[in-house]
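Written below as structure tokens is the structure these notes are about.
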Amino acid sequence: MGVKVGVLALQGDVAEHIAAFREALAERPGSSVTAVRHAEDLTDLDALAIPGGESTTISRLIEKNGLYEPLAEFGGGVFATCAGMVLSADRVDDPRVRPLSLIPMHVARNAFGRQVDSRETMLEVAALTEPFRAVFIRAPVATDAGDGVEVLARIPEGIVAVRSGRHMAFAFHPELGGDLRLHRMFLEGLGV
Ligand code: GLN
């Protein structure tokens, strides 16, 4: 059966998420990957990607487009990266972000310090047999994860990959770099 994935398209690396999910779904006929800008775009979606970008800006645009409640109540799985991880949390260290409370965790923005803009590391991720080349760009970390949240990867600074029910969140960018193992794990977890 086809899978309907939406990508929140307010700001950030939207095109990269669309391309990665299109590739991950190439062999599933009837699937679609579409941009989400308004509440009605969420209708019938099985999953939603919340991209990397600037979480304060995305949060502001969510309010402006009347998307806060529809996103907080979204019934499908959420695949959130970087700024998306910040937005999917239930607690954030920055009052300019109103988190969607999709995953019970506390997230600290820009957790690597100002001088470290980006970093690449071979990361051990639970449930993957080989390490994942993780690209961190002004990345957040989760500093705690609540009940039912499975920590999939952690580095000295904190938690960088989690799964909670059908939701997954990453401090790095699986949509960059062409390795789609985490997308596939997410799609399998949807049970569609
Ligand atoms: N630092 C950004 C934020 O907190 C996230 C960066 C990213 O998404 N690459 O919004």
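Keep in mind that glycine also has a Cβ here, set from the backbone N, Cα and C atoms.
The L-glutamine site recorded in TrEMBL includes Gly53, Glu54, Ser55, Ile137, Arg138, and the single candidate from Arg22, Arg28, Arg109, Arg166 that the record places there is Arg109. Most buried of the recorded positions Cys82, Ile137, judged by other Cβ atoms within 10 Å, is Cys82. Within 8 A of the CB centroid of the L-glutamine site residues Gly53, Glu54, Ser55, Arg109, Ile137, Arg138, the other residues of that chain are Gly12, Gly52, Cys82, Ala83, Val86, Asn110, Ala139, Pro140. In the three-state DSSP scheme, Glu175 (active site, charge relay system) falls into the coil class. Comparing Cβ neighbour counts within 10 Å across the recorded positions Glu54, Glu175, the minimum falls on Glu54.
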